[in-house]
């Protein structure tokens, strides 16, 4: 696999101006930036996407969480769906131009997402993480088993630090997704660079 | 104007099973049923639309609030937009098959919505209503002035009782929208019938 994917996901806790400021430092390292802001309105998301683009993140690398209509209206590259979202097949039918990702939590969900036309799945959490307290981490071996069941890229998420990137890629992941590890780092640009370097050097 | 429109809007407070039960009694009187459930997920809205249809409300009369993607995926007839939603023009471009309505609060907003391609506007609140406490009602005369500025239908909302229907239609409205006046009535079917009769008899 030549290209490794680094997905960065917004925390839902940062003002859009702060997100935009981070974009300037991280955009060159990021394959997909996920705007995941569950309490924001469609109009607010559209405004945020404009801010992100003005700060250097190209629309082709912006993914909107859940709202396929916003993704299409903004010219974003894709939409990322969760269990509470529209189905992959419905979104693919409405918006063939969008790259559609799906969060999955089992091999069965991954296989189904692929069958419905998902372009990638996101699987986790791989390691213990403060954003999923009390839920057991799935671990590298579960990632390996899941990745072997689908042909589409599997993006690993959850408590992944740069030194873990090699193990995650070796287990069959196409890349990693990071939330607070980059956006809440003291220096988001440096953190993004560390992930990027780890993805490209450690396999 | 031959057809008068009776829009019924969900309250966001009723279980979907209760909404579906009301559908059986009101569907024959209703031009548009608005599913306006701001805290519900896309998957929940899809399930609700199935319930509503199973209870007799045809998809061609179901309108989804804000979520154009859900409306299109469910085969609903339209989407109703608010100030915090995607723009009318963006939704019309993405979904030419949807009837697009817009809530407006001034003549300028109504004129703009029409220019963007809205199929109708909703204007209010016309009379004092408990759902907009503290905000002054706009009154019949403001409705008349606004309706004279646009060619698309103006649906009046806010504290409208069946005996008010004639005055509202005479002011230029194409119909009325009702929320708790029907769905929280002791007998929703009887309440819907009273509005229907008032719309068709009192002009």
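Note that Cβ sites are derived from N, Cα and C of the backbone, with glycine treated the same way.
In TrEMBL this protein carries:
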BINDING   B:65, B:103, B:132  4-amino-2-methyl-5-(diphosphooxymethyl)pyrimidine binding site
BINDING   B:66  Mg(2+) binding site
DOMAIN    B:20-182  domain 'Thiamine phosphate synthase/TenI'
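Of all the Cβ atoms in the protein chains shown, 15 others lie within 10 Å of the Cβ of residue B:132 (4-amino-2-methyl-5-(diphosphooxymethyl)pyrimidine binding site). The Cβ of residue B:66 (Mg(2+) binding site) lies under 8 Å from the Cβ of B:36, B:38, B:79, B:80, B:81, B:82, B:84, B:85, each on the same chain and at least six residues away in sequence.
With every protein chain in view, the residue among the binding-site residues B:65, B:103 whose Cβ has the most Cβ partners within 10 Å turns out to be B:65. Proximity to chain A, defined as a C-beta distance under 8 Å, is registered for the following binding-site residues out of B:66, B:103, B:132: B:66. Across the annotated binding residues for 4-amino-2-methyl-5-(diphosphooxymethyl)pyrimidine (B:65, B:103, B:132), the two most widely spaced Cα atoms sit 18 Å apart.
The domain 'Thiamine phosphate synthase/TenI' (B:20-182) scores a mean pLDDT of 96 in the predicted structure.
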